[in-house]
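A short write-up of the structure that comes next.
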Amino acid sequence: MRSNLCHPLKNQLPISFFLSGTIRKPIFSCSRLSISAIITKEQTQEESESKSKKEVAFSSSSSFDFKAYMIGKANSVNKALEDAVLVREPLKIHESMRYSLLAGGKRVRPMLCIAACELFGGTESVAMPSACAVEMIHTMSLMHDDLPCMDNDDLRRGKPTNHKVFGEDVAVLAGDALLAFAFEHIATATKGVSSERIVRVVGELAKCIGSEGLVAGQVVDVCSEGIADVGLEHLEFIHIHKTAALLEGSVVLGAIVGGANDEQISKLRKFARCIGLLFQVVDDILDVTKSSQELGKTAGKDLVADKVTYPKLLGIDKSREFAEKLNREAQEQLAEFDPEKAAPLIALANYIAYRDN
């Protein structure tokens, strides 16, 4: 059994559906430490557990100005996205693409990509095409997730969802266009990186969003609706793939274009896997503790849809405890790197853990 949760999956978890009229709960076999094992595991670091959130959040680098870093990187990403996706013919499809892509958002994935690149001596400009690509794909996933055939949501980033403004047909096509353009942008806009590493970036990104990544998580999520006995390992499978995979890809892409070696990339994968799950745990907590106005999207929708979430299975307190564990384990993966260069990644992990929306 592995000693921690966040090792990347060498082999995807086996999953079986029985499609004779109804879909039954997926059956998993997994040798690694599960969420339930972590949650019920006897505490061995009571002193660490008693730290306040504030102490944990700022123990990494008191001199690092994360607010300034976040504003600066978000502005750079927003400008790069606006320059990449221009208004051109056909107007409607490009307006739809830009409507969702430029609607704001935290830009966490692009920042992770840039920070990972800079950790290994790369520059923002080297990472930016990959950073923009992951944000394009993230936006596509939100556009498709909001459709009536999926979550049927009306609000995203404080604005009407794309299909409410442009119609379902255009929203689907605009999402498809963003997906395709993401790969084109990496291939044509990345400068100062070897062709071998660019090919590796394309393969990495494709895998993390396909049938072994984001799509896998989404289809299991959709097929799990109405199943009463969904457990923690089932939920973990969904979110490792649906949420964590693209966050992992964001970090790994940055590491690749930044010049990291395989051992360093492996460390960053483990870090990213932890913060990917962390992102979802916090999302689930916020969904039941914040309003739609505070979140900028429909609050409580998982509860209404009777979806399984971490608070539903663990309760709010245990979910928060699990989030703390994931954050600590994520930061442990960065212990061997230069603290000054790792400060943005540590700060981003803390931001994900303690965000309010």
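Just so you know, glycine gets a Cβ as well, placed from its N, Cα and C.
Under the heading transit peptide, Swiss-Prot lists 1-40.
Taken from Swiss-Prot, the feature isopentenyl diphosphate binding site applies to Lys106, Arg109, His138, Arg157, supported by similarity to another entry. Under DSSP, Arg109 (isopentenyl diphosphate binding site) is assigned to a helix (H, G or I) in the three-state scheme. The Cβ neighbour count for Arg109 (isopentenyl diphosphate binding site), using a 10 Å radius over every protein chain in view, is 25.
Per Swiss-Prot, the feature Mg(2+) 2 binding site maps to Asp145, Asp151; the stated evidence is similarity to another entry. In this structure, Asp151 (Mg(2+) 2 binding site) belongs to neither helix nor strand by DSSP; it is coil.
Under the three-state DSSP scheme, Asp145 (Mg(2+) 2 binding site) falls in the helix class. Long-range Cβ contacts of Asp145 (Mg(2+) 2 binding site) within its own chain (separation 6+, distance under 8 Å): Asp151, Asp153, Gln218. Marked as Mg(2+) 1 binding site by Swiss-Prot on the basis of similarity to another entry: Asp145, Asp151.
Arg156 (dimethylallyl diphosphate binding site) counts 22 other C-beta atoms within 10 Å of its own C-beta, drawing on all protein chains shown. Annotation source Swiss-Prot lists dimethylallyl diphosphate binding site at Arg156, Lys242, Thr243, Gln280, Lys297, Lys307.
Overall, the recorded isopentenyl diphosphate-binding residues Lys106, Arg109, His138, Arg157 cover a maximum inter-Cα distance of 16 Å. Cβ neighbour counts within 10 Å, taken over all protein chains shown, single out Lys242 as the most crowded of the binding-site residues Lys242, Lys307. The binding-site residues listed here are His138, Arg157; among them, His138 has the most other Cβ atoms within 10 Å of its own Cβ. Between Thr243 (dimethylallyl diphosphate binding site) and His138 (isopentenyl diphosphate binding site), the C-alpha separation comes to 10 Å.
Close to Gln280 (dimethylallyl diphosphate binding site) in the fold, though at least 6 residues off in sequence, lie His239, Lys242, Thr243, Ala244, Tyr310, each with a CB less than 8 Å from its CB.
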